[in-house]
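Reviewing the structure listed below.
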Ligand SMILES: Nc1ncnc2c1ncn2[C@@H]1O[C@H](COP(=O)(O)OP(=O)(O)OP(=O)(O)O)[C@@H](O)[C@H]1O
């Protein structure tokens, strides 16, 4: 017999994380048995799904872990697949013991800051701002999740270079796609085929949003960013119902016409009892080689929205930054490599980084937010 106990091997295996769920395989109930022979240790491993694409990683990590406590043995990893019951109990464990689906970010005591990125009209750069803010926060060491809830233009996966990836599903729990240190799920990944055109009305959209909030295993997140569809439609209403504690970031261009519809997106958030955390002005100017700034879309849009919303809500709604038009920002979106990663010293990247710092550095304010209190006697 190898001079090692089963407890020691189990202890060593507790250092191996499932590559997708990022929790120890011992906690997940994946280690079904350990057999210690003369020169051989066999670990029976239950995969969450058959054909698990990360079998090789698990095999390698388990072998390495066992060799730390029994350096001279032959390690055999015998792989099976969880049955329905085992998968259900793992799912329940991941949901923190809850059998019912619930939105973890809406629970009292949730430490995740939720920011919904909204705009009045399309094409103003909402998704570009979302991926770059996410990456800027992840680079600062925060655990970031992104939900692409933009039903009409779910461009987040392409902007991060994972447009063709599909999430793994365990029972009815979905594993978000890991990318550049973040976790991402897109409404496009929930459709049978990402190019399929869907004509979803309110209830379908609500179900899709709820699925991304509660059926996706997010683990502990510091920040969750939601890229909303433009306008004040069904998704914004659903979000307000499921996540009244979300804070809303409004993206606009400097154009007066864009600014007046952006104002409506902000007002909508407030009607849903969400706080508007600030305004990002995108495509603010184009810097000529001479240093002169060309204001292609005019000027003053974000300042006007900020002033109106501040007066309307009675708390400060600041302009958090003005992002210039930059070719590299657009190229980054097209190539799946955001500018924060490729050109961190560019003006646009620095401003986006500054906005990310303002958002991640602040503690949650209560003004404008629903506190979940009901008058006595009406509970
Ligand atoms: N500051 C900028 N400089 C240059 N190009 C930009 C800038 N901001 C966004 N873009 C480009 O403009 C286009 C629209 O941006 P994006 O898709 O982020 O907008 P959106 O508001 O999310 O649009 P949608 O309405 O589809 O959700 C993209 O091609 C993007 O790369």
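Each residue, glycine too, has its Cβ placed from N, Cα and C.
Database features (TrEMBL):
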type: BINDING; residues: 120, 121, 122, 123, 124, 125, 126, 127; note: ATP binding site
type: DOMAIN; residues: 6-76; note: domain 'MIP18 family-like'
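Residue 123 (ATP binding site) counts 12 other C-beta atoms within 10 Å of its own C-beta, drawing on all protein chains shown.
For residue 124 (ATP binding site), the same-chain residues that are 6 or more apart in sequence and have a Cβ closer than 8 Å to its Cβ are 230, 251, 252, 253, 258, 262, 282, 283.
Taking a Cβ cut-off of under 6 Å from any atom of ligand 1, the binding-site residues 121, 123, 125, 126, 127 reduce to 123, 125, 126, 127. With DSSP states grouped into helix (H, G, I), strand (E, B) and coil, the domain 'MIP18 family-like' (6-76) comes out at 23 helix, 19 strand, 29 coil. Here the binding-site residues are 121, 126, and the one ringed by the most other CB atoms within 10 angstroms is 126. Close to the recorded ATP site, the chain also has 119, 230, 251, 253: residues not among 120, 121, 122, 123, 124, 125, 126, 127 whose Cβ is within 8 Å of the site's Cβ mean position. With the fewest other Cβ atoms inside 10 Å of its Cβ, the least crowded of the binding-site residues 120, 122, 125 in this structure is 122.
Across the domain 'MIP18 family-like' (6-76), the model assigns an average pLDDT of 90. There are 24 other CB atoms within 10 A of the CB of residue 127 (ATP binding site), with all protein chains counted.
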